[in-house]
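> Below is a structure I'd like to ask you about.
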Amino acid sequence: MATRIDVSGLTAYYGKFKAVADVNLTIEPKNVTAFIGPSGCGKSTVLRTLNRMHEVLPGARVEGQVLLDGEDLYGPGMDPVAVRRTVGMVFQRPNPFPTMSIYENVIAGLKLNGVRKKALLDERVEESLRGANLWEEVKDRLGRPGAGLSGGQQQRLCIARAIAVEPQVLLMDEPCSALDPISTLAIEDLIAKLKSSFTIVIVTHNMQQASRVSDSTAFFSLEKTGDPGRLVEYDKTSQIFSNPKEKRTEDYISGRFG
(Lines of atoms letter the chains of each structure in order from A; the text may use other names.)
(Lines give C-alpha, C1' and ligand atoms only; values in the text may rest on other atoms or scores of the structure.)
Protein backbone atom coordinates (compact mmCIF):
# COMPACT_ATOMS: atom_id res chain seq x y z
CA MET A 1 0.00 0.00 0.00
CA ALA A 2 1.33 3.42 -0.90
CA THR A 3 2.31 5.66 1.97
CA ARG A 4 0.92 8.96 3.21
CA ILE A 5 3.56 11.45 4.32
CA ASP A 6 2.85 14.08 6.96
CA VAL A 7 5.47 16.79 7.41
CA SER A 8 5.11 19.16 10.35
CA GLY A 9 7.38 21.96 11.54
CA LEU A 10 10.26 20.69 9.40
CA THR A 11 13.43 22.77 9.60
CA ALA A 12 16.62 21.44 8.00
CA TYR A 13 20.20 22.49 8.69
CA TYR A 14 23.59 21.89 7.11
CA GLY A 15 25.90 22.73 9.98
CA LYS A 16 24.87 26.21 11.15
CA PHE A 17 23.15 27.05 7.87
CA LYS A 18 19.37 26.82 8.00
CA ALA A 19 18.41 25.55 4.54
CA VAL A 20 14.64 25.40 4.98
CA ALA A 21 12.30 26.47 7.78
CA ASP A 22 8.96 25.38 9.22
CA VAL A 23 7.54 23.27 6.40
CA ASN A 24 4.09 21.75 6.93
CA LEU A 25 2.37 19.60 4.31
CA THR A 26 0.60 16.30 3.75
CA ILE A 27 1.43 14.15 0.72
CA GLU A 28 -1.41 11.81 -0.16
CA PRO A 29 -0.89 8.16 -1.16
CA LYS A 30 -0.73 7.22 -4.83
CA ASN A 31 -0.47 10.82 -5.95
CA VAL A 32 2.27 12.72 -7.74
CA THR A 33 3.36 15.79 -5.79
CA ALA A 34 5.65 18.33 -7.48
CA PHE A 35 8.05 20.58 -5.57
CA ILE A 36 8.79 23.77 -7.53
CA GLY A 37 10.64 26.99 -6.80
CA PRO A 38 13.79 28.98 -7.59
CA SER A 39 17.27 27.60 -7.00
CA GLY A 40 18.24 27.64 -3.33
CA CYS A 41 14.66 27.60 -2.05
CA GLY A 42 15.07 24.27 -0.22
CA LYS A 43 12.86 22.04 -2.36
CA SER A 44 15.55 19.40 -2.92
CA THR A 45 16.51 19.54 0.75
CA VAL A 46 12.91 18.86 1.76
CA LEU A 47 12.77 16.01 -0.75
CA ARG A 48 15.90 14.44 0.74
CA THR A 49 14.59 14.71 4.30
CA LEU A 50 11.75 12.39 3.26
CA ASN A 51 14.15 9.44 3.22
CA ARG A 52 17.02 10.91 5.27
CA MET A 53 19.32 11.18 2.26
CA HIS A 54 20.35 14.67 3.38
CA GLU A 55 22.18 12.99 6.27
CA VAL A 56 24.97 11.82 3.97
CA LEU A 57 26.31 15.40 4.19
CA PRO A 58 28.31 16.29 7.33
CA GLY A 59 26.48 18.38 9.90
CA ALA A 60 23.01 17.79 8.45
CA ARG A 61 20.14 17.65 10.93
CA VAL A 62 16.41 18.32 11.10
CA GLU A 63 13.86 19.61 13.55
CA GLY A 64 10.17 18.76 13.33
CA GLN A 65 8.49 15.56 12.18
CA VAL A 66 8.18 13.47 9.06
CA LEU A 67 5.59 10.72 9.48
CA LEU A 68 5.17 7.79 7.09
CA ASP A 69 1.70 6.41 7.73
CA GLY A 70 2.00 7.75 11.27
CA GLU A 71 5.50 6.40 11.96
CA ASP A 72 8.14 9.02 12.78
CA LEU A 73 10.96 8.80 10.25
CA TYR A 74 13.31 10.38 12.79
CA GLY A 75 12.04 8.49 15.83
CA PRO A 76 14.36 6.68 18.27
CA GLY A 77 15.72 3.46 16.82
CA MET A 78 14.55 4.21 13.27
CA ASP A 79 17.12 2.73 10.87
CA PRO A 80 17.91 5.09 7.96
CA VAL A 81 18.68 2.09 5.73
CA ALA A 82 15.23 0.66 6.41
CA VAL A 83 13.73 4.08 5.69
CA ARG A 84 15.44 4.15 2.29
CA ARG A 85 14.05 0.73 1.44
CA THR A 86 10.56 2.12 2.02
CA VAL A 87 11.27 5.48 0.38
CA GLY A 88 13.31 5.05 -2.82
CA MET A 89 15.08 7.79 -4.72
CA VAL A 90 15.91 8.59 -8.34
CA PHE A 91 18.56 11.25 -8.86
CA GLN A 92 19.02 14.13 -11.28
CA ARG A 93 21.51 12.36 -13.54
CA PRO A 94 21.13 8.70 -14.46
CA ASN A 95 23.55 6.77 -12.26
CA PRO A 96 23.60 3.08 -13.15
CA PHE A 97 26.49 1.23 -11.53
CA PRO A 98 29.05 1.44 -14.35
CA THR A 99 30.74 -1.93 -13.80
CA MET A 100 27.46 -3.85 -13.53
CA SER A 101 25.24 -5.36 -16.18
CA ILE A 102 21.64 -4.30 -16.66
CA TYR A 103 20.57 -7.39 -14.70
CA GLU A 104 23.05 -6.72 -11.87
CA ASN A 105 21.94 -3.10 -11.63
CA VAL A 106 18.33 -4.11 -11.04
CA ILE A 107 19.15 -6.73 -8.39
CA ALA A 108 21.76 -4.66 -6.51
CA GLY A 109 19.37 -3.57 -3.78
CA LEU A 110 17.74 -6.99 -3.56
CA LYS A 111 21.10 -8.66 -2.93
CA LEU A 112 21.92 -6.11 -0.24
CA ASN A 113 18.61 -7.10 1.37
CA GLY A 114 19.61 -10.76 1.35
CA VAL A 115 17.66 -12.05 -1.65
CA ARG A 116 19.69 -14.88 -3.22
CA LYS A 117 17.30 -17.24 -5.02
CA LYS A 118 17.94 -17.02 -8.75
CA ALA A 119 14.32 -17.67 -9.69
CA LEU A 120 13.12 -14.83 -7.44
CA LEU A 121 15.81 -12.47 -8.75
CA ASP A 122 14.90 -13.30 -12.35
CA GLU A 123 11.23 -12.67 -11.62
CA ARG A 124 11.93 -9.36 -9.89
CA VAL A 125 14.19 -8.18 -12.72
CA GLU A 126 11.48 -8.74 -15.31
CA GLU A 127 8.78 -7.21 -13.10
CA SER A 128 10.89 -4.13 -12.37
CA LEU A 129 12.00 -3.58 -15.95
CA ARG A 130 8.42 -3.97 -17.14
CA GLY A 131 7.36 -1.55 -14.43
CA ALA A 132 9.91 0.94 -15.74
CA ASN A 133 8.77 0.45 -19.37
CA LEU A 134 12.20 -0.92 -20.27
CA TRP A 135 11.83 -4.70 -20.52
CA GLU A 136 11.09 -4.93 -24.24
CA GLU A 137 14.11 -2.76 -25.05
CA VAL A 138 16.66 -4.71 -22.99
CA LYS A 139 15.34 -8.25 -22.44
CA ASP A 140 17.81 -9.71 -24.95
CA ARG A 141 20.86 -7.93 -23.52
CA LEU A 142 20.50 -8.15 -19.74
CA GLY A 143 24.15 -9.16 -19.43
CA ARG A 144 25.45 -6.00 -21.09
CA PRO A 145 26.62 -2.95 -19.10
CA GLY A 146 23.88 -0.65 -17.87
CA ALA A 147 26.14 2.30 -18.66
CA GLY A 148 25.89 1.38 -22.35
CA LEU A 149 22.23 2.37 -22.53
CA SER A 150 21.04 5.76 -23.75
CA GLY A 151 20.49 8.51 -21.18
CA GLY A 152 16.73 7.99 -21.08
CA GLN A 153 17.12 4.22 -20.83
CA GLN A 154 19.67 4.63 -18.04
CA GLN A 155 17.20 6.75 -16.06
CA ARG A 156 14.49 4.13 -16.53
CA LEU A 157 17.01 1.50 -15.41
CA CYS A 158 17.59 3.53 -12.25
CA ILE A 159 13.83 3.64 -11.70
CA ALA A 160 13.69 -0.14 -12.19
CA ARG A 161 16.48 -0.52 -9.64
CA ALA A 162 14.57 1.68 -7.19
CA ILE A 163 11.25 -0.17 -7.52
CA ALA A 164 12.87 -3.64 -7.42
CA VAL A 165 13.12 -3.46 -3.61
CA GLU A 166 9.37 -2.70 -3.49
CA PRO A 167 9.33 0.73 -1.84
CA GLN A 168 6.11 2.53 -1.05
CA VAL A 169 7.35 6.00 -2.00
CA LEU A 170 9.49 7.20 -4.92
CA LEU A 171 11.37 10.48 -4.67
CA MET A 172 12.60 11.99 -7.94
CA ASP A 173 15.06 14.89 -7.90
CA GLU A 174 14.81 16.56 -11.33
CA PRO A 175 14.79 13.18 -13.08
CA CYS A 176 14.52 14.66 -16.58
CA SER A 177 16.91 17.61 -16.38
CA ALA A 178 19.72 15.73 -18.17
CA LEU A 179 17.46 14.12 -20.79
CA ASP A 180 16.32 15.06 -24.29
CA PRO A 181 12.61 15.84 -24.95
CA ILE A 182 11.74 12.35 -26.20
CA SER A 183 13.35 10.68 -23.17
CA THR A 184 11.65 13.23 -20.92
CA LEU A 185 8.25 12.29 -22.36
CA ALA A 186 9.02 8.61 -21.72
CA ILE A 187 9.79 9.36 -18.06
CA GLU A 188 6.64 11.47 -17.71
CA ASP A 189 4.53 8.65 -19.16
CA LEU A 190 6.21 6.28 -16.71
CA ILE A 191 5.45 8.54 -13.74
CA ALA A 192 1.77 8.54 -14.72
CA LYS A 193 1.85 4.74 -14.75
CA LEU A 194 3.80 4.34 -11.49
CA LYS A 195 1.49 6.49 -9.39
CA SER A 196 -1.07 3.67 -9.34
CA SER A 197 1.42 1.76 -7.16
CA PHE A 198 3.56 4.39 -5.46
CA THR A 199 3.39 7.75 -3.74
CA ILE A 200 5.63 9.95 -5.91
CA VAL A 201 7.32 13.25 -5.08
CA ILE A 202 9.20 15.03 -7.86
CA VAL A 203 11.39 18.13 -7.80
CA THR A 204 11.35 19.98 -11.11
CA HIS A 205 12.35 23.37 -12.53
CA ASN A 206 10.09 22.73 -15.51
CA MET A 207 6.73 24.37 -14.90
CA GLN A 208 5.11 22.61 -17.85
CA GLN A 209 6.30 19.28 -16.51
CA ALA A 210 4.91 20.00 -13.05
CA SER A 211 1.54 20.91 -14.54
CA ARG A 212 1.50 17.78 -16.72
CA VAL A 213 2.55 15.07 -14.29
CA SER A 214 1.49 16.14 -10.80
CA ASP A 215 -1.74 16.04 -8.83
CA SER A 216 -0.52 18.50 -6.18
CA THR A 217 2.17 21.17 -6.24
CA ALA A 218 4.21 22.77 -3.47
CA PHE A 219 5.86 26.10 -4.25
CA PHE A 220 8.94 26.99 -2.20
CA SER A 221 10.77 30.30 -2.18
CA LEU A 222 13.10 32.48 -0.11
CA GLU A 223 13.25 36.19 0.61
CA LYS A 224 16.91 36.63 -0.36
CA THR A 225 20.08 34.60 -0.83
CA GLY A 226 21.21 33.16 2.49
CA ASP A 227 17.73 33.07 3.98
CA PRO A 228 16.07 29.71 4.64
CA GLY A 229 13.63 28.46 2.05
CA ARG A 230 9.97 28.28 3.02
CA LEU A 231 6.83 26.66 1.70
CA VAL A 232 4.78 29.48 0.19
CA GLU A 233 1.77 27.58 -1.17
CA TYR A 234 0.61 23.98 -1.46
CA ASP A 235 -2.54 22.97 -3.32
CA LYS A 236 -3.94 20.91 -6.15
CA THR A 237 -1.85 21.47 -9.26
CA SER A 238 -4.84 22.77 -11.21
CA GLN A 239 -5.37 25.41 -8.52
CA ILE A 240 -1.70 26.41 -8.31
CA PHE A 241 -1.41 26.93 -12.06
CA SER A 242 -4.80 28.50 -12.75
CA ASN A 243 -5.66 30.46 -9.61
CA PRO A 244 -2.87 30.59 -7.00
CA LYS A 245 -3.65 32.27 -3.70
CA GLU A 246 -0.22 33.87 -3.25
CA LYS A 247 1.16 36.59 -5.52
CA ARG A 248 4.67 35.11 -5.23
CA THR A 249 3.35 31.84 -6.62
CA GLU A 250 1.70 33.61 -9.54
CA ASP A 251 4.86 35.63 -10.23
CA TYR A 252 6.99 32.49 -10.28
CA ILE A 253 4.83 30.29 -12.49
CA SER A 254 4.28 33.18 -14.91
CA GLY A 255 8.05 33.66 -15.24
CA ARG A 256 8.35 37.03 -13.51
CA PHE A 257 11.20 35.70 -11.37
CA GLY A 258 13.18 32.52 -10.75
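Just so it is clear, glycine is given a Cβ too, placed from its N, Cα and C backbone atoms.
This is the feature table in Swiss-Prot:
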- G37, P38, S39, G40, C41, G42, K43, S44: ATP binding site (BINDING)
- 5-247: domain 'ABC transporter' (DOMAIN)
> Cβ atoms within 10 Å, counted per site: which of S39, S44 has the most, among these binding-site residues?
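Output for this query is S44.
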> Among the binding-site residues G37, P38, whose Cβ has the fewest other Cβ atoms within 10 Å?
P38
> When a 10 Å sphere is centred on the Cβ of G42 (ATP binding site), how many other Cβ atoms does it contain?
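Excluding its own Cβ, G42 (ATP binding site) sees 26 Cβ atoms within 10 Å.
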> Under 8 Å Cβ to Cβ from K43 (ATP binding site), same chain, six or more residues apart: give me those in sequence order, or none if nothing qualifies.
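Listed in sequence order: F35, I36, G37, V203, A218, F220, G229.
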> Using the centroid of the Cβ atoms of G37, P38, S39, G40, C41, G42, K43, S44 as reference, list every other same-chain residue with Cβ within 8 Å of it (recorded ATP site), in sequence order.
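Those within range, site residues removed, are F220, S221, L222, G229.
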> If you draw a 10 Å sphere around the Cβ of G40 (ATP binding site), how many other Cβ atoms fall inside it, taking every protein chain shown into account?
18
> Using DSSP, would you call S44 (ATP binding site) helix, strand or coil?
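Assignment for S44 (ATP binding site) reads helix.
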> List the residues of the same chain that sit at least 6 positions away from C41 (ATP binding site) in sequence and have their Cβ under 8 Å from its Cβ, in sequence order, or write 'none'.
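Those within reach of C41 (ATP binding site), by Cβ under 8 Å and sequence separation of 6 or more, are V20, F220, S221, L222, G229, R230.
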